[in-house]
Amino acid sequence: MKASKGNDLLVEIWQDYTTQEEAAAKAKDGGGGKKKGKSGSFMTVSMLYRESLNNLMNMLNKTHPHFIRCIIPNEKKASGVIDAALVLNQLTCNGVLEGIRICRKGFPNRTLHPDFVQRYAILAAKESKSDDDKKKCAEAIMSKLINDGAITEEMFRIGLTKVFFKAGVLAHLEDLRDEKLAIIMTGFQAQIRWYLGLAERKRRTEQRAGLLIVQRNVRSWCTLRTWDWFKLYGKVKPMLKAGKEAEELEKINDKVKQLEESLAREEKLRKELEDSSTKLLEEKNSLFTNLEGTKGQLSEAEERLAKLQALKGDADKQLAELNDRLADQEDRNRAKKKVEAEVESLKKQIQDLEMSLRKAESEKQSKDHQIRSLQDEMQQQDEAIAKLNKEKKHQEEINRKLMEDLQSEEDKSNHTNKVKAKLEQTLDDLEDGLEREKRARADLDKQKRKTEGELKIAQENIDEASRQRHDLENNLKKKESELHTISSRLEDEQLQRQIKEGQSRISELEEELENERQSRAKADRAKSDLQRELEELGERLDEQGGATAAQVEVNKKREAELAKLRRDLEEANMNHENQLGGLRKNIPML
């Protein structure tokens, strides 16, 4: 292509490309005059190979290559014939199977972080806006999908600039995105329909209210037009306009006076605004002059501002420390106030005690026995205090034992966590097995659907045979009627000839009925084969873990349909046998 002279574009594209022969020639020409000791500057075969390999890798990194493999289906050059062993051998030799295996193990699909966040933000709207870094947003979106159970951690990897996916994961994400869009659009359409319905209801309500008002007014008019007083009012009303014109003229004069007064106020206000405008212009000019004078001081002010900002930072730190101290001081003050309140209450109690003491001293002689009783009570309280101290020690011992029990429970909890981790690993293995079972069941469901399709085709064939049988019966009835008319009219040789023709036609009809019976037998055999395959599929489904309730119901329906088809076939066979018996009886009579 580089040596092509008919296409300038190809020459320009391949102008900078150097082939191995050109590189070897340049190396040979450039190194001809050098000594043997400087052979390191020559392009050896390995260097040429490495250079071409580097160029190839750079080109692959810059592009998205697509490889094409040509495979012959058979060695006979015949159309519609595929030799499976030959095709598999070619795929193996071409490295396609190995490439597929590597593709499944690797991460062939990749997407830049911004593109991934922009496209799949609908799956996790909150997480897509959680950070300005698109990589963190992508990690948050994938974490949300993992928590929802949509994907697993083994299906993707997050790189520095791209998100890497295994084969088929990107298509699964597209399906999830389509489902989410469908849900959103359905909700949006429902809201629009609700709003339109509400608007239509409001319009009809207003229309109904307007109709009611019109009807009420019409009924009122129909009542008033025959009322004598209303007729009198209609005659007197034009006479009242002259008196109203004078009143309206007075109102207009009053409005004119008010407008003149407001105009005077507006004029006065306009003059005041003009004076204030001139003053503001003068102040503006003075401010411009002051501004020009202060422009020189602006740099100094900026320096001062920087210093003040630094001082402000120090002051903020000091303020934070002072706030901490102030908070501590407030805590102390609250504690102090609380103590002072307790002291006040104690003082009040002391005053009360002093008053009671004075009363006790005045009544000392009469209250000696009460003092003794109080002393006894104090002794009892001391004993109670001693008992409480013992209980306190006992409670501390119980607390110590509880702490030991708590430590043992924590050890048990750690052991439980380890067991839980093992169980989670076992659960993951079970989930993998369940996934394999699900895939196997999906294959069985696909095979079952295929069998149901074949059953449907067989049913259609049976229906076609029934239609043909119905046509044959109609033809048979027509021929019987023709034979009856011929037997009643003709008694000569023509009658005999027509009878012979009728007999030949009957034999043809018998052959057609026999063919139909054979096709019916074939349909029965196909139906029995399909029934057997369906039973085998049911057994395989039972072996895979049992069918669901819906599948059991579907199987019951299928069995009922098959039983119904079997009964229909039996009835059709009986009808055919009866018709054949009737035809055979009619043939000897002819």
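Every residue gets a Cβ built from N, Cα and C, even glycine.
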Quick one: sort out which of 53-75, 76-98, 214-236 is the region 'Actin-binding' according to TrEMBL. 53-75
When TrEMBL marks a stretch as region 'Disordered', which of 16-38, 430-452, 499-521 is it? 430-452
According to TrEMBL, region 'Disordered' applies to one of these ranges: 265-284, 405-424. Which one is it? 405-424
Can you identify, from 356-377, 466-487, the stretch that TrEMBL calls region 'Disordered'? 356-377
